[in-house]
């Protein structure tokens, strides 16, 4: 068990402890995100609908985003090591639910497992990064933060590749979650040896329960509307009722936050136009993760490729992102945040444009996918660190903590809805296609997969729009040179990522 103490200690972080923290982070960014590639295979084996699959995929990031601020505060009060261990325990429980989903109540167990994985991520992310900030210092801290960042950003970049490989083993796709369980067990064994850190232990706190509950209810209602609307009918009583529920409950959330003494979302930070623009940019940049499942599913359904084969096409994503993630940091130190953020988003737009070209032959599209994912990885590498600085360096010191929490929430919620919207569009059109599209664009090559290709183009178009808005927010709102020579400590930057 961890030593539950908040007393000063001479403990200094080492590589073994860091490995435990990074492994914890990977449980979400690598293993939980593997559904972006193997989702259709899971749906086929479990006998669930495509719409329900879309809910299951997006709900993990949704629950992470909804609770990450609240659980970060709990880590400060009750112990960061304790919350990291609890988070890994939640991941084990969630992964077990998914593993047994094929045997009993597949839809219920899958959704329960994905929700638990989201709560695991919300527990692990702030707790592990706070431990890095506590037990590493100087150059060692910079290195530790870089490794932590690689675990998060880099984990997603290898998720499709690794999940594809594991799905081809004798156990099939469930092996992904068996490995995730093993990783969490190793992580618990390592981090339980780290001294406890609970700087706010014993400090009176006023938890914003009204804000937490209303935010959760409104976001869940909105996600169901987005992912199930096409199946149930946009004007069906269920969808209309959920849309009204979202509007009313979200209004109650805003009302509660204005009145709360310690809100989970301090609305005052949005008075800063630079912070608002940078946070919007970050929300939409994370939303571009929707290109991963759409491109993978287009190839799997349209070209009869396996998840293993499609996973290999994304290797350039991992190489470019992991290899260049510190380039954005160096550029930001020299020219400010705006230039590398803008350059990164331009590359993201280019990558999505390439992936929209589903009207070409299969061979040509495979080549485009390889190029696009490499460009996408490079774009995110340039964008990652400068985007955090752009948001938080504009805020006064008393609002930096609140701003970091909102920025983290925006990252997860952006990923949740960025996946939910294009996958819902793909599901809506991949059977009958898009009637008006062939009149505007000629689709060459084989025609038996025309519906999937049209669905992919339209769904990818929604991701393209998000990326363009993110770029516009960056270009129009951020001042030239923002963040230059006033960048955050590396841990502070990653804390908001």
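Note: Cβ is positioned from N, Cα and C throughout, glycine not excepted.
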Correct range for transmembrane segment (source TrEMBL, candidates 435-456, 457-478):
457-478
Suppose you look only at the domain 'Major facilitator superfamily (MFS) profile' (13-482); what would the mean pLDDT be?
90
Does the chain bring the transmembrane segment (206-226) near the transmembrane segment (364-385), so that three or more CB pairs sit under 8 Å (pairs 6 or more apart in sequence)?
no
Given a Cβ distance threshold of under 8 angstroms, which distant residues of the chain, six or more beyond its ends, lie next to the transmembrane segment (364-385)?
149, 153, 157, 285, 288, 291, 295, 298-299, 303, 313-321, 323-329, 331-332, 340-341, 343-348, 350-352, 354-355, 357-358, 493, 497
When you look at the transmembrane segment (111-132) alongside the transmembrane segment (273-299), do they share 3+ Cβ pairs under 8 Å, ignoring any pair fewer than 6 residues apart in sequence?
no
